[in-house]
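J.: Before we start, here is the structure in question, set down as structure tokens.
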Amino acid sequence: MESTHLLGGSKKRVKIHPHTVTAKYATHTPYAPQPGVHTHFPQPGDDGYDDAPSFEDFGSFVEETSDKKQLTESRKWPLTLFGSRHNDKDTAHKLQTVGGGEGSEGSAKAAKGSGKGVGEQLASFGEASVSASRLTWVGLLGAALAHGSLIVLTRVASERFSLGPLFLLLVRSIVQLLSLAVPLHRGENPFGPEGYRLRLLCYGIAYSLSLCCAYSSLTFVSPGNATTTWRLATTALSATLAFLLLEERLGLADGITIAAGLCGLGLVLLTAVDDTNSDSPTDPAVFWRGAFGWSLSALAGLWMALALVGYRSLKERVGVGTALFTVSWTGCLLAPASLALLQEGWSWPMSVEAWLLVLGLAACSVVAFLGMTHALTRLHPALVSASQSLEIPIAMLLHLAVLPLAPTAPEVVGSVMVILSVGWLVAMKLLPSRVGGRRQREEYEEILDSPIK
């Protein structure tokens, strides 16, 4: 029995015998080394039938050596960054074994070589990831130190030089306009790339509104209480908004650590609540004045959480310099509006020390912004905000040195809880674990399986 049909312009003749099937191609194909290649599939009862590969093995081998598989692997960035030459050699070796008819032995050698390449890729990926994580966390801890210094400098400027918080925010925004040089130097549009300018504008407005609310609350409540409320609201709301808007979840260990840090911040605020209740003010104006200050602090946390989540969605399109310029020029517009709304008087620095204090405050704000914004490109917004909770114990220690004021027991316990939670968070991210190899392989496979390359 013999049948003939056309397949892509080539003539194929198939002869069917009782025990064998022989297929013969009459024309050359791009992948056939010689014309007229005979492919023989042993049938039950023939010699070598048990040693022949099954149809399932043959199908997987064809799939591994197909053009589609090679094209898909060439687009995977981990394979391109780590060990691309090795993979190219493996691919060429596979093609040679297919042409020579030694499919079984060649595929085994290729699989062995591929496994070695994965090990090298895991090692390179692990080293690069740990190195980048260390720099990220060093920047975050530096930002927390800068935030703690901001609290003390703002309080010193208000008590010794009679400088209003919103005026300090305005001067800080004006000085930060110098960041315009960064996107111009890189040849980028300072107002963001086309198609993302509206989202970048919303990010700048949210960040500036957060700062305006936070600095306005300092007029009604103490700087320590306002900052603690702001940080607590930012951490809790950023975790919620990241899940709702970006579908980014926190791990169980991260969630427990952040919850412990929030409990520490609650203990720090417990003293302020007790002091408010003990005074028992009879004047309703005093009560509503304090309530308005606490509300502004919580609202500042909401706006800051929106800003963190907003930049998290723009991290691949907008650089840190462009983000800083956006926050600066939006702050220059919203800070005077807040000054006029709250009728806060203008009070210019009248001495060199006052101007140095203002410039130091602006420098600390830039350092804090850069550390946080860079970390958002790699970490969850809630982790970034939780790490900044260190500003509370840092400010407490600086207060003891600059403005001697003994902390209460709840403040000390709460600060210790914050320090332990952030320390444990950093340790989990950086220190090697007992199952480090398995964890690296799981992370590597998760990247390979991700639809976003």
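The backbone N, Cα and C atoms fix where each Cβ goes, glycine too.
Keep in mind that TrEMBL annotations are predicted by a computer and have not been checked by a curator.
Just lifted these from TrEMBL, have a look:
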| type | residues | note |
| --- | --- | --- |
| DOMAIN | 140-269 | domain 'EamA' |
| REGION | 90-113 | region 'Disordered' |
| TRANSMEM | 135-157 | transmembrane segment |
| TRANSMEM | 196-218 | transmembrane segment |
| TRANSMEM | 230-246 | transmembrane segment |
| TRANSMEM | 253-272 | transmembrane segment |
| TRANSMEM | 292-311 | transmembrane segment |
| TRANSMEM | 323-342 | transmembrane segment |
| TRANSMEM | 354-377 | transmembrane segment |
| TRANSMEM | 389-406 | transmembrane segment |
| TRANSMEM | 412-431 | transmembrane segment |
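Structural setting of the listed features?
T.: Non-local neighbours of the transmembrane segment (196-218) in the same chain are 154, 158, 165-166, 168-169, 173, 226-227, 229-230, 293-294, 296-297, 299-304, 306-307, 310-311, 313-314, 317-318, 322-323, 326-327, 329-331, 333-335, 338, 342; each lies 6+ residues outside the stretch with a CB under 8 Å from one of its CB atoms.
For the transmembrane segment (253-272), the list of distant contacts is 221-222, 224-225, 228-229, 231-232, 235-236, 239, 380, 382-383, 386, 389, 392, 408, 410-411, 413-418, 420-422, 424-425, 428: same-chain residues at least six beyond its ends, Cβ to Cβ under 8 Å.
Panel annotation: around the transmembrane segment (292-311), residues 199, 202-203, 206-207, 209-211, 213-214, 216-217, 219-221, 225-226, 229-234, 236-238, 240-242, 245-246, 318, 323, 372-373, 376, 381, 384-385 of the same chain, lying at least six beyond its termini, place a Cβ under 8 Å from a Cβ of the stretch.
Counting only same-chain residues 6+ beyond the ends of the transmembrane segment (323-342), those with a CB under 8 A from a CB of the stretch are 164, 166-167, 169-170, 172-174, 176-177, 179-180, 182-183, 190-192, 200-201, 203-205, 207-209, 211-212, 215-216, 219, 311, 314, 366, 369-370, 373.
Counting only same-chain residues 6+ beyond the ends of the transmembrane segment (389-406), those with a CB under 8 A from a CB of the stretch are 141, 144-145, 147-152, 155-156, 159, 224, 227-228, 231, 235, 261, 264-265, 268, 414-416, 418-419, 421-422.
Cβ atoms under 8 Å from those of the transmembrane segment (412-431) belong to residues 130, 133-134, 137, 141, 144, 253-254, 257-258, 260-261, 263-268, 270, 383, 386-387, 389-390, 392-393, 396 of the same chain, restricted to positions at least 6 beyond its ends.
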J.: The domain 'EamA' (140-269): mean pLDDT?
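T.: Summing pLDDT over the domain 'EamA' (140-269) and dividing by its length gives 91.
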J.: Take the transmembrane segment (230-246) and find every residue of the same chain, 6 or more past its ends, with a Cβ under 8 Å from one of its Cβ atoms.
T.: 210, 214, 217, 255, 258, 261-262, 265-266, 269, 297-298, 300-302, 304-306, 308-309, 312-313, 380-382, 384-386, 388-389, 391-392
